[in-house]
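Novice: Below are the features I grabbed from Swiss-Prot:
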| type | residues | note |
| --- | --- | --- |
| COMPBIAS | 9-28 | compositional bias 'Low complexity' |
| COMPBIAS | 372-381 | compositional bias 'Polar residues' |
| COMPBIAS | 593-606 | compositional bias 'Basic residues' |
| COMPBIAS | 684-693 | compositional bias 'Low complexity' |
| COMPBIAS | 737-747 | compositional bias 'Basic and acidic residues' |
| COMPBIAS | 757-767 | compositional bias 'Acidic residues' |
| MOD_RES | S9 | phosphoserine |
| MOD_RES | S15 | phosphoserine |
| MOD_RES | K32 | N6-acetyllysine |
| MOD_RES | K38 | N6-acetyllysine |
| MOD_RES | S117 | phosphoserine |
| MOD_RES | K298 | N6-acetyllysine |
| REGION | 1-52 | region 'Disordered' |
| REGION | 111-130 | region 'Disordered' |
| REGION | 361-386 | region 'Disordered' |
| REGION | 578-777 | region 'Disordered' |
| ZN_FING | 199-249 | zinc finger |
| ZN_FING | 251-285 | zinc finger |
| ZN_FING | 309-365 | zinc finger |
Amino acid sequence: MEEKRRKYSISSDNSDTTDSHATSTSASRCSKLPSSTKSGWPRQNEKKPSEVFRTDLITAMKIPDSYQLSPDDYYILADPWRQEWEKGVQVPAGAEAIPEPVVRILPPLEGPPAQASPSSTMLGEGSQPDWPGGSRYDLDEIDAYWLELINSELKEMERPELDELTLERVLEELETLCHQNMARAIETQEGLGIEYDEDVVCDVCRSPEGEDGNEMVFCDKCNVCVHQACYGILKVPTGSWLCRTCALGVQPKCLLCPKRGGALKPTRSGTKWVHVSCALWIPEVSIGCPEKMEPITKISHIPASRWALSCSLCKECTGTCIQCSMPSCVTAFHVTCAFDHGLEMRTILADNDEVKFKSFCQEHSDGGPRNEPTSEPTEPSQAGEDLEKVTLRKQRLQQLEEDFYELVEPAEVAERLDLAEALVDFIYQYWKLKRKANANQPLLTPKTDEVDNLAQQEQDVLYRRLKLFTHLRQDLERVRNLCYMVTRRERTKHAICKLQEQIFHLQMKLIEQDLCRGLSTSFPIDGTFFNSWLAQSVQITAENMAMSEWPLNNGHREDPAPGLLSEELLQDEETLLSFMRDPSLRPGDPARKARGRTRLPAKKKPPPPPPQDGPGSRTTPDKAPKKTWGQDAGSGKGGQGPPTRKPPRRTSSHLPSSPAAGDCPILATPESPPPLAPETPDEAASVAADSDVQVPGPAASPKPLGRLRPPRESKVTRRLPGARPDAGMGPPSAVAERPKVSLHFDTETDGYFSDGEMSDSDVEAEDGGVQRGPREAGAEEVVRMGVLAS
């Protein structure tokens with residue numbers, strides 16, 4: 001040690017210790033100074049460092065890169081070098097502090113296996129067949145000291161010594177036999193004698209009798225007695241049996257009465273418990289599965305009046321009560337209280353296999369009034385008897401545990417293990433002393449396969465129920481989310497419908513305002529046709545277009561107002577709109593006359609065939625002829641249906657004629673500039689014959705021009721203006737030359753609008769209840785002809 005210290009003092013590079021060790025070396029150097037400098041108190045040179053690290057091992061590992069080594073002489077570190085590794089390797093601070101192991105050489109196990117092999121097949125249930133396999137019991141210090149003592153005595157007696165493995169094996173066999181015999185004693189009359197108690201009754205039906213297939217079963221923990229059918233036991237177990245509450249290790253309180261314990265069954269939720277007897281006697285409660293007598297259902301069906309009843313026996317308002325079956329008696333009591341007080345509880349089996357329950361109070365029970373004074377003294381006595389039974393059971397169990405050694409015979413153990421009986425007796429006496437010192441508790445815990453698996457089954461049931469509740473919770477969460485989304489969707493739909501309704505009412509209001517100002521019903525009020533007309537490049541070229549020069553029906557001449565309106569219509573679109581909404585320019589008598597004359601065709605009389613064919617009298621072969629606006633007005637007034645506005649299909653090279661029975665003027669263009677290229681053969685023919693229009697006589701048949709559509713249901717169709725030549729008119733007057741009017745329709749609509757677009761506004765206008773006079777009708781005809789002329 002001194003040599004190491006001198007080495008540390010010379011060079012610090014080869015030191016094997018840290019700074020803490022260096023302090024001790026410096027102290028040792030100072031100790032070599034003259035004695036005159038030393039103090040009187042002794043220096044602690046023996047103090048050693050608490051930790052020692054060797055750095056020479058790290059230094060020996062490091063070599064320069066230029067050093068020549070073969071690939072087999074070194075290892076390559078894949079991890080990066082850490083700085084804390086430079087600290088070194090920790091070594092023990094003092095070699096004398098290292099504990100030295102103490103070992104013993106055991107003799108070879110040749111003799112005992114050879115002795116036990118012939119009888120190894122004769123071993124019992126709890127013994128191990130092979131010795132070298134080990135034992136469940138491990139020797140402790142007390143066992144080791146006792147083994148030394150017994151070996152010394154055996155040596156004095158010149159007998160073979162006892163080894164540790166044999167001692168462990170014998171103790172394990174004693175514990176196994178004791179556990180088996182004690183379980184058998186508890187289950188039989190020799191142990192407690194409960195099964196043969198004549199006074200015990202079923203906790204559900206209160207019957208002391210059992211029968212084949214419906215045996216009386218006792219719980220091994222709470223000692224409750226039930227019939228198989230009463231508690232829903234499908235198969236009687238061979239070993240011990242525990243009720244539902246004992247299997248789960250709980251002691252719940254009944255939901256319907258204040259009593260704890262007894263034959264309880266869970267509700268559907270599994271969190272509340274109810275006596276089976278309470279479930280049977282309360283009429284609103286039901287049982288889900290009669291075979292298993294669980295779960296208890298329909299607890300919520302119990303009325304509030306029953307929950308409010310107070311028991312006349314226990315004076316508590318807990319749970320629910322039943323009432324006396326006598327018609328004039330309303331005494332209430334709990335079911336379990338009635339059983340404990342010995343009230344009369346009858347179970348009557350009806351003819352239709354229906355069970356009726358009759359319960360009576362103390363007054364109406366058989367012998368109730370006579371036994372009423374003695375009922376109170378018998379209550380403590382009955383409770384005392386029950387307590388005495390329980391106390392007796394506990395005493396017998398305790399006595400059985402104290403006399404555990406009587407359940408094991410040393411000779412049986414010696415025979416099963418093929419050992420000397422005297423040696424087994426020595427171990428047996430030691431086993432009794434050690435177990436007594438352990439408060440009669442077993443030295444070995446029962447095996448896992450020896451534990452009743454009923455509790456595990458109950459745990460599995462609860463686990464499956466928990467999983468079921470988890471899935472149910474998830475399903476309910478999905479349903480909640482779905483309901484929320486459906487509700488949000490319906491709210492959005494409702495808001496959209498309300499918005500559409502508001503838009504509809506606003507449109508109706510605007511339409512009513514327009515109709516009140518005299519807007520024509522044949523004009524598209526919804527604005528579709530009007531907007532399309534304004535979007536076109538309308539070209540109007542006219543020099544002298546006077547309404548006075550137009551031929552009139554039956555030679556009648558119009559008032560000068562229509563002619564003035566026609567001249568104003570040639571200016572521009574804004575003037576057209578202003579005159580359309582001006583109520584001052586309205587003809588009076590002609591429109592009234594036209595309405596009066598249009599009633600004749602409304603009677604559906606077939607007109608005679610036309611005298612001649614012409615371009616203006618062509619009809620579409622697959623379309624029915626339409627009625628004039630005057631017919632619509634007359635029929636609408638007569639209650640045949642609302643007028644339907646259907647604008648005619650116009651082309652750029654043909655102008656319509658006036659209706660047959662009205663006083664509207666006829667537009668004729670004898671001489672016109674070259675028209676546009678016709679789109680259809682019919683239009684080409686109409687253009688060719690446009691300058692030579694023949695007006696038929698009064699008997700001319702209606703032949704509409706252009707695309708006509710059949711009338712819609714429950715509505716009277718309107719005959720378009722210019723659909724056929726004028727009927728009932730005389731020879732036409734001289735007509736002045738008028739230029740050709742070119743009206744360019746939009747290519748998308750082509751001057752045609754569907755029935756849905758036109759008829760909806762008509763229905764809205766009629767629903768508005770706007771009544772138009774005769775002058776308004778005449779003004780509408782003039783405005784319509786003005787639009788056609790433009």
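Heads up, residue numbers simply count up from 1 along the chain you see.
Heads up, the Cβ atoms here are built off N, Cα and C, so glycines get one too.
Describe each of these features in terms of where it is and what it packs against.
Specialist: Counting every protein chain shown, 15 other Cβ atoms lie within 10 Å of the Cβ of K298 (N6-acetyllysine).
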Novice: May I have the DSSP-based helix, strand and coil counts for the residues of the zinc finger (199-249)?
Specialist: 9 helix, 8 strand, 34 coil
Novice: Do you know the mean pLDDT across the zinc finger (309-365)?
Specialist: 86
